[in-house]
């Protein structure tokens, strides 16, 4: 068998999903309540990076891009993450605030998909979170001009040591190019794997002040 033939065997990689179902009678009226329950269970199951989410944005040519970012806060106003404001995703969101998030909790056979709009956080919100980060992470935020091309990793490491020396006294200041976004939820879909590929999917869609809930075919 050639290497190419071996690679083609991925078509046969599959497993049954047997960890349980999701039924309408178990659904709360608010999607954030179910999200919180599932996130807590993901943390209790000791999944690697349970707050990791795929963030999808589009550029001015409608070309989609994805990357993994950590969720840092959520409440009834939305889901929050932080980033370099010079990054590609930040530029995308300045031009088009439409955004999609995905939480892939594979070990629990679950996914949560979110669509909505992103808006910049206030400087006060960003400052409060920034100073809660480990000091080296604060310095690291100063080092990288995110998404720019660099010649070698050594450039970053040298800059980090330089700034660590510079900021050795007192607080590390908040970079003007570092901030965050809040995603206001318009839709939230919960996916639970099921046997024979008969997965359970429920879509919460905002309907004025309430939420409309629909079961979707897998």
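Backbone N, Cα and C define each Cβ position, glycine as well.
Some features that Swiss-Prot has for this protein:
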{"type": "BINDING", "residues": "14, 15, 16, 17, 72, 129, 133, 137, 197, 198, 199", "note": "substrate binding site"}
{"type": "BINDING", "residues": "67-72, 82-83, 88-89, 111, 146-147, 191, 201", "note": "FMN binding site"}
Separation of alpha carbons, residue 199 (substrate binding site) and residue 82 (FMN binding site) (Å): 33
Number of Cβ atoms other than its own within 10 Å, given for residue 69 (FMN binding site): 18
Cα proximity to residue 111 (FMN binding site), best match among binding-site residues 16, 197, 199: 199
Cα separation, residue 71 (FMN binding site) to residue 197 (substrate binding site) (Å, whole number): 29
Inter-residue Cα distance where the pair is residue 88 (FMN binding site) and residue 72 (substrate binding site), in Å: 20
14, 88 as binding-site residues, winner by CB count within 10 A: 88
Closest of 67, 69, 71, 88, 201 to residue 16 (substrate binding site), Cα positions, binding-site residues only: 201
